[in-house]
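Over in TrEMBL, the protein carries these features:
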- 123-132: compositional bias 'Polar residues' (COMPBIAS)
- 104-224: domain 'MurNAc-LAA' (DOMAIN)
- 123-146: region 'Disordered' (REGION)
Amino acid sequence: MSIYIRYPKEYFTNVISRSMNHVICIDPGHQKKPNLALESIAPGSNITKVKVSAGAQGTITKQQEYELNLKVSNKLKDILILKGYEVVMTRQSNDVNLSNIERAKIANDAHADICIRIHADSSNSKSQNGTSLLYPAKESPNNSKDKFEKSKKLAELILKDVLLNTNTNSKGTIPRDDLTGFNWSNVPVVLIEMGFLSNPQEDINLSKSEYQSKIAQGISNGIDEFFKNSLIQYAD
């Protein structure tokens, strides 16, 4: 259930075209209905987790995380296509049933250069706030030196640029070895927690299209830096 979209460079005549063959997989976290069946958290592991959890809900707006994740992912997709990237989406609808293993395999099968997982956070404390970037820990199952180093660098760059765009607090970059979507991925992968839906102000911010666009632009800027590309240029 992957969607391949390639930007038609000839369509935008005012864009200075650049050779860019990078493939970006975007995984909008969660889905309309959770799948509480179990799957292995890593190849060959006896440890299991639910295939897809329910996700968070806004404390004020009552927005569902799975809907927010897709909105931001679509904004990011549009920006990346405009820049000339090839984009693979794990889902384009909320009404899907895709486990975290299946999502990782979509990126693997597409031979993606990187995978960006889009999520929002939640906490029992309404005062918790800020953006964090997760990446596979060095000792994670199915990890390699290349995957670890690239994922860590990508997390650092995306966090920096999202913070610049949104002026939100930083929760830092966090290594994780217990995420199914990380452990089954063969490609560099990060997960952004855009903010806390349990925090009243961040919930309201995350509900606004303009703020969502700022996050998407920040992510794309970090991706550009990762590939050492400048932002899109326009002809005079």
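Backbone N, Cα and C define each Cβ position, glycine as well.
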Number of helical, extended and coil residues in the region 'Disordered' (123-146), per DSSP: 2 helix, 6 strand, 16 coil
Residue counts (helix, strand, coil, in that order) that DSSP gives for the domain 'MurNAc-LAA' (104-224): 55 helix, 29 strand, 37 coil
